[in-house]
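Undergrad: The active site, nucleophile annotation in TrEMBL covers Asp27. The Mg(2+) binding site annotation in TrEMBL covers Asp27, Asp29, Asp190.
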Amino acid sequence: MNHSSSSNTASADKTVSPIAIKVIMIDLDGTLLDTAEDLALSANLMLKDLGMPEQSTATIRSYIGKGIQKLVKRTLTGQLDAEPDAALFGKALPIYEQHYANNLSVNTRPYPGVVDGIQALQQAGYRLACITNKAEAFTIPLLQATGLFEKFEIVLSGDSLPKKKPDPMPLIHICKHFDAQPHEVLLIGDSLNDAIAAKAAGCHVFCVPYGYNEGRDVYELDCDAIVDTLLDASKLVKRVA
Ligand SMILES: O=C(O)COP(=O)(O)O
Ligand SMILES: [Mg+2]
């Protein structure tokens, strides 16, 4: 495991004191749950319905990160930031949503260390929140299906507030909810959205290397530590009252 208090996480290999934390916010796609197979399955069912060619799971995995609408736009255009034809998008989105609702947890499982890590964090007395860019209609049933819903005191989805990550709005909302200062709050995530949102909110951020990060190397991210698992993350923090 590499960890550091600077932005240069890739070369960091020094021991740091545990960060004093009260609240831990955890990202969903690519951090808690490996959702890529079911997101890709649903995207390919949509493409089939539209008479368009299927795409590899690896390609669709690189489209995950900025919510369902963006995932559909990227799947239709094959590009990260292009706008599809408005009529095609209007037709595709409800088809995608229906397929994903039907296939939410076919292959979706918690990553290794998630269940143990959450248990360790709960036992240590941290207040736990989940912050995802996934739409609430999918977030809640998915957390319930994987047995994680009860672990969190609050869950914020991509459409819970006017803005989602990388905007700091959901993180600031969580800080206020728990009456915590941003420096007493840690976000554990897998992508640039998480790193940018946490820095903008003034919170600490750890990243896991096994997630999605829109196809880019997690070691490029400006985060306080790269942690192999949530269980490893629990060893780098200490609880403040
Ligand atoms: O829905 C997405 O695209 C990503 O969701 P996440 O914020 O849980 O990684
Ligand atoms: Mg994520």
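Including glycine, each Cβ sits where the backbone N, Cα and C put it.
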Undergrad: In terms of DSSP three-state secondary structure, what is the assignment for the residue listed as 'active site, nucleophile'?
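TA: Looking at the DSSP assignment, the residue listed as 'active site, nucleophile' belongs to neither helix nor strand, so coil.
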Undergrad: I need the CA-to-CA distance for Asp190 (Mg(2+) binding site) versus Asp27 (active site, nucleophile), whole Å please.
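TA: Asp190 (Mg(2+) binding site) and Asp27 (active site, nucleophile) have their Cα atoms 7 Å apart.
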